[in-house]
Amino acid sequence: MTPTTPFPRHLETLLRSCCAGHHLRPLFARLIVAGLVRHPLALRRLVELLALAANHPAAPLLARPLSHLYFRLAPASTTFLYNLLIRAFSRSRHHPTESLVAFSSLLRHGGRSLPDRFTFPFLVKASSNLNSPFEGQQIHSQVLKRGFQSDVYVVNTFLSMYSSFGDLASAQKLFDSSSEVLDVVSWNTIIDGYVKSGAVEVARRHFDEMPVRNEVSWSAIISGYAGKGELDMAQSLFDRMPVGRNIVTWNSMISGFARHGLLPLARKLFDEMPVRNVVSWNSMVSGYAMNGEMDLAMELFDLMPERDVVSWSCMISGYAQINWYMEALQIFKRMQLESSVKPNEVTMVSVLSACAHLAALDQGKWVHAYIDKNHMTLDDDYNLGAALIDMYAKCGSMETAVELFHALARKNVSSWNALITGLAINGAAHESLEAFERMQRSGPKSNGITFLGVLTACTHGGLVDEGRWYFENMSKVYGVQLEMKHYGCIVDLLGRAGFLEEAEGIVRSMPMKPDVMVLGALLGACRIHRDIRIADRIRCQVLNLKPQQSGCHVLLSNIYAAAGRWDDALEMRSLLKQSGIRKEPGSSSVELDGVVYEFVAGDCPNPEASTVYSWLDEMGRKLRSLGYLPVTEDVLLDLDEEDKETCLSRHSEKLALAFALLRATPQSTIRIVKNLRICGDCHLFIRHVSKLYPQQILVRDRIRFHHFKGGFCSCKDYW
């Protein structure tokens, strides 16, 4: 095929009419069938389309064959077409390295086709996508070699590149050596680089030295101060702006106030804005969401004239952060029904978190399928792979979680942590520690979250010696600083195993004041082992906790009630009542056919309530004939035995179990999530029920998973 070969008019018309990414594959196929794919006219148009649609799903399938065809015709190619090809690959998430290959071809074939001032910005984009400072430096050396160092467009490109890599020293060196050609964009770029690196004072020196400032200059420095929380300085600069305040500046101020909890000031500025864009609305919605003001966030969200993926993601993550997981999933469903906006990796991480906490496996699987269908990458900085592993682990589907982990091409610390913690909460203590040792040999450096998983594994497996060793050597051997949560884990481990004096000694020797988690772990051990002496000794510390932290007060009250010290128990309850804090009611949820149902202790609002209660009463009678006796000692109220048994029979996990078994198929797995620790009676009841039903029953309480099957539990009655 030569340039003089006639090109059919109908195909030429088709070439010119194609203007979108989805035209690539059918057009490529038509040209192959017609034997015209090597014609320069066809090749040029395909390259142009590829440049316009670099991230379309069809682009990676065509990129390599197209580039090979192009290189075969390289002698006849122009710099313009080479730049098109380099730009196409530089924008691609799939083949940014091909930009460098195309550039090498341009250098090899030379002739009249040489790099120009537009070639290098595209190459810099490729090196940024590859996160490769070395490639960027090599490209810069080509700039110097070919004499483009005096071109301000090229200089600004490399200033931006070095800043994006965090290499401010190289950026400053280039800035200083290019003083004769610098323009306002150059100054803004170096200021923005310092702002993003947190060096706002250095940015301010450059700002003060600028010969001419524009709106971008003011916006950058104001954004820097606002981002660091220096809001008085940001406000002062905002008020002093000699040029018109643009929307970016307004947004920087609103975002700064909102991010630091100054919502009334943020809202005042928002209401004063002459013109708002979606970023303005998002800043305000995000501010309310970050501060738990979800009613106000929703009110503003519903008023938004347009919403983008950030708007939806803010609402989903906001609900997830305050543990309103059902509402988070409802917003995601609303996004699917009402909007054409596609969720991104950030959205999906929040959605998976909600699925994980609800143990909504069916919905989690749907999200996983959506991720695969839309070619979202799991090996990225958004930790989408880790979120998927965490979701499957928290839904009790550990085999799938392990398979996903092994399928990840790049395993970062978050994915290792998800695996180690997932194995731990599912009762696979030894496997969790084996995964940790593999991580030490071949994975990334462990962090504090890694050791929370390790200590959790030791706690659930009763591995006291191993837990002691890891706790004592965290900082000495692994270089990881001990934090409050690690103390909570070791106290829990020792306390459950009966080493209460040792656990109390650790609490007393802590370098920081113990929080509700640490004291709660020690009190939990006192309750298990009926040790009222230690409970009395730490009573003052419990009373000094903030009133909102009611868990320890309730535990201490229960310990006194179990010991028959009703006056002390009532005193603790009255202290809670005076502070206006109510004990958190027990609640459980279960997913059936993709719908999550929630139950509260003593209340079954479902239309099938009478059937559920009848099933529980009948099952109670049946299990008694098989040897089950209710564990009434867990009812810490001054009631007779019959009333205690009635109280136990209406616990939320039993309501959820009855509802699920009445509707589930024999092959299904029942997944129940409890917000509190499962009581001894419910554990015994479900273990007996699992003898009579073929379904596997999974209960995830506040502490761990319980896998019930055939009358046995994975915790081996140690929890």
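Sequential numbering from 1, following the chain as shown.
Each residue, glycine too, has its Cβ placed from N, Cα and C.
Bear in mind that TrEMBL entries carry predicted annotations, made automatically and left uncurated.
Annotated features, as they stand in TrEMBL:
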- 627-719: domain 'DYW' (DOMAIN)
- 183-217: repeat 'PPR' (REPEAT)
- 246-276: repeat 'PPR' (REPEAT)
- 277-311: repeat 'PPR' (REPEAT)
- 412-446: repeat 'PPR' (REPEAT)
If we skip the immediate neighbours and take only residues 6+ beyond the ends of the repeat 'PPR' (246-276), which ones have a Cβ under 8 Å from one of its Cβ atoms? 215-216, 218-219, 222-223, 225-227, 229, 231, 234-235, 238, 283-284, 286-288, 290-291, 293
Residues sitting near the repeat 'PPR' (183-217): Cβ under 8 Å, six or more positions beyond its termini, same chain? 152, 155-156, 159-160, 162-164, 166, 168, 171-172, 175, 223-225, 227-228, 230, 243-246, 248-249
The repeat 'PPR' (277-311) [mean pLDDT, rounded to integer]: 95
Grouping DSSP H, G, I as helix and E, B as strand, the residues of the repeat 'PPR' (246-276) number 23 helix, 0 strand, 8 coil
